[in-house]
Amino acid sequence: MSDFSQFIHKLSEPIPQYVLGCLPAIAIVGASPANKFTQKLIWILRCLGCPFIGIFYSVNVGGHKQSRCLFWLPANNFKNNANGELSYRPVGLYTMKPSANQDIDLEEYVDRCIAKISVLERLSSIIPMYYIVVGALEGISRAAGSAVCEDWPYIPLLLFWTIPALWRRVSSGNLVVKDPKKEFRDQKIIMDDDPDDRSHKCFTVFLTAFVSTIFPWITVLLAYYTPPIGYYCRSKYITIICSIWSFNNALAYLCHLKGEKDLTKPRIFHAWISFCGFIVAILLIVLGVFNKNPAWWVGLFGQSCDVSSAGC
């Protein structure tokens, strides 16, 4: 009975609560209108393996229901005014706007795929936002003013990049619930050039790639300056996660610069990103468990993780 009481006591402590409170953010950022569960899961892994992908959809695609719906379509669903197929998907750096003169009722097709976000769904986004923001502030305060060697979950800090996507879910009101590929099938959407918006996207897409690459490294600095101060195993461990994200963000940005024909192509790239997402998920779970059991660092990684010499 005492073991059960200790288990319940551990669950009621801040670290497990903050870790569990942040996890829904990953599912929200990686929300996909795909029909199959495996396809939905793979998209979540892609967003977890490459923050740029998740933030790109939330920030650069925008909250308008047309743009959020058309994002999921391949290039062969679009054509220009000369009836020529587009070489790339008209999003981001290659953004275009739907023409006023369409061969189909575009609004009707879009409305089939879109649903209004309910109050419950908005609240489900606010809860992880709370845990991430408060958890990040607590982590900063421990690095800035605490002299106590008490560990803290760095998962809220690592997942702070999800805030724009969570806020978009709360504010936009539109959610793509049906797979546009299934609804549009072989229908062609006429697109017009939009030079002004394209010029704007050149900056915002680069900024998204830059922030999603650089921002997670703040967690490494905070881990370094949180007592015991030094580049110990927790900092090295978080460095691995940030390195994976930085490499994949740069790779995704280069692929976007080259132009994308389909969300799932090139397949080798998306297979790699999904695999990295699986690895990052395991690393985050281990990090959440080890934060409450500092001795496990030594047990798994050896004496190099022993911080007793630092006064802890």
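Here, residue 1 is simply the first one shown, and the rest follow in order.
Glycine too: its Cβ is placed from the backbone N, Cα and C atoms.
So that you can see what the record holds, here are the features copied from TrEMBL:
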- 41-59: transmembrane segment (TRANSMEM)
- 203-225: transmembrane segment (TRANSMEM)
- 237-257: transmembrane segment (TRANSMEM)
- 269-290: transmembrane segment (TRANSMEM)
Same-chain residue ranges lying at least 6 outside the transmembrane segment (41-59) that approach it to Cβ under 8 Å: 26-27, 29-32, 34, 68, 71, 92, 161-162, 164-165, 168-169, 204-205, 208-209, 211-213, 216, 244-245, 248-249, 251-253, 256, 270, 273-281
For the transmembrane segment (237-257), sequence-distant contacts whose Cβ falls under 8 Å of one of its Cβ atoms, 6 or more beyond its ends: 49-53, 56, 92-93, 154, 158, 205-206, 209, 212-213, 216-217, 219-220, 223, 266, 269, 272-273, 276, 279-280, 283-284, 287, 290
